[in-house]
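Taken from TrEMBL as is:
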- 99-385: domain 'NADH:quinone oxidoreductase/Mrp antiporter transmembrane' (DOMAIN)
- 49-69: transmembrane segment (TRANSMEM)
- 104-124: transmembrane segment (TRANSMEM)
- 136-155: transmembrane segment (TRANSMEM)
- 175-199: transmembrane segment (TRANSMEM)
- 211-231: transmembrane segment (TRANSMEM)
- 243-261: transmembrane segment (TRANSMEM)
- 268-287: transmembrane segment (TRANSMEM)
- 299-319: transmembrane segment (TRANSMEM)
- 340-360: transmembrane segment (TRANSMEM)
- 372-391: transmembrane segment (TRANSMEM)
Amino acid sequence: MLKIMFPLALMLMMPKLKFHYPPLLLTLSILFMNTFINSNTKLMLTNFFLLDFMSSALIILTLWISALMMSVMLPNVTKPLTLLTLLLATTTTLSFSMNNILMFYIMFELSLIPIIMMILFLGYQPERIQAATYMLLYTVAASLPLFISIIFLYMKNSHLNFSFLNSTLPLTPNASIWAITITVAFMVKMPVYSVHLWLPKAHVEAPTAGSMILAALLLKLGGFGLLRLLSSFPLLMHPITPAMFAITSWGAAITTLLTVRQTDFKSLIAYSSIAHMSMTLTSMLTMTKWGWTGTYITMTTHGLCSSALFALAGMTFSITNTRSILITKGQITILPKMTIWWFIFAASNMAAPPFMNLAGEIMIFSSIMSKSLAFMVSIFLASFLSALYNLHLYTSMNHGKLPLYSNPTTTHPQTHYTSLYLHLLPLTLLTLKPEILMW
């Protein structure tokens, strides 16, 4: 992957060179898909690189979303945006393919730099500085305990290879503290309820491209890191599992309540991501194959769905010049084509058939209830409110009387709708062949 990404980054520096990156990234993702998807091979390239089922789909998602993100930004794609996109795709791909915990941690933190630069230099409002500060403080403060835990692991095992770590760490009285310190960084990155305040601010102030790649890829790094650690240490979360179950399941329900109250449609989509990630962490803690499969499916499909919703949000903002749901009305009268796309991806976000999101949520709910029926109320409340806020988002923005200040002559390039179609294509095709994402 480095043999491909680094030359591309260098080519950006060459003057008078026109290069179409989206088709190239899409081609790479298809070639990678043909090689690794639905194969049980575990390819350890070196002591640092590992490609297996867990990482292959997320690497494909990285290349796919990076290409679609640049397509949505056409014809306003600049060289700095392309450079930041390729840098972010490189660091994210390396994070998903690392077999060494320390190298994973380094790439995990390096992926913050491009998205913070997108917010600071490509954002629209003065509040972008506060959003970048929130994001930096949350992630750096949470990652320091993780770094200390990595040092502890090296002292215990004399190496940091995921594949050969000792999976029988003693459950000492300090086990709860160690479990919290090693998982808090991933909880912030996902993020889950109680450590989520940086995400709505980052989404609101980021450009459309930054919001797409933040929701689709960077949030998945937290879930992927926890899956990797729990694969090596099945008892890692055992001391704090009851408390984490309560925080994440009821946190998802509370987040959906907050989502319904949002008046900014980018903030609403951001809060829906927090609710989804909270449910995936709850399912992950069940330590069952059914729960992990549901987590993996939801992470992959949510990456496609949330990216498309943010692309639609950017297209809507270009017409109305506002992000308020209370003001944005009547889009169906001027852009019926875009209204159809809003309905499709709102339905996908609420896990309606025939989208693969439905299978993921069924598996998540089943795995949680198999562990404890005490959380039935919270997950049913989260599921019901998820449908409520998605329908609220669609009906409020697309129906009603068109405001006088809207620009009905605004049109979008065909590449924008092609990008939306390429978001939808994997969501529907995965329904026809769901075993691709089965654990």
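FYI, residue positions are counted from 1 along the chain as it appears here.
Even glycines carry a Cβ here, placed using N, Cα and C.
In this chain, the transmembrane segment (243-261) lies in contact with the transmembrane segment (372-391); the count of Cβ pairs under 8 Å, excluding pairs fewer than 6 apart in sequence, is at least 3.
Listed stretches 49-69, 175-199, 243-261, 268-287, 299-319 were compared with the transmembrane segment (136-155); the greatest number of C-beta pairs under 8 angstroms is found for 175-199. Only residues 6 or more beyond the boundaries of the transmembrane segment (299-319), in the same chain, are considered here, and those with a CB under 8 A from a CB of the stretch are 57-58, 61, 64-65, 68-69, 72, 203, 207-208, 211-213, 215-217, 219-220, 223-224, 265-266, 269, 272-273, 276, 280, 328, 331, 334-335, 338, 341-342, 345-346, 348-349, 355-357, 360, 397, 406-407, 410, 412, 416, 419-420, 423-424, 426-427, 430, 437.
Long-range contacts of the transmembrane segment (175-199) within its own chain (CB-CB distance under 8 A, at least 6 residues past either end) are made by residues 108, 131, 134-135, 137-139, 142-143, 145-146, 148-149, 152, 169, 218-219, 221-223, 225-226, 229, 236-240, 247-248, 250-252, 254-255, 270, 273-274, 277-278, 280-281.
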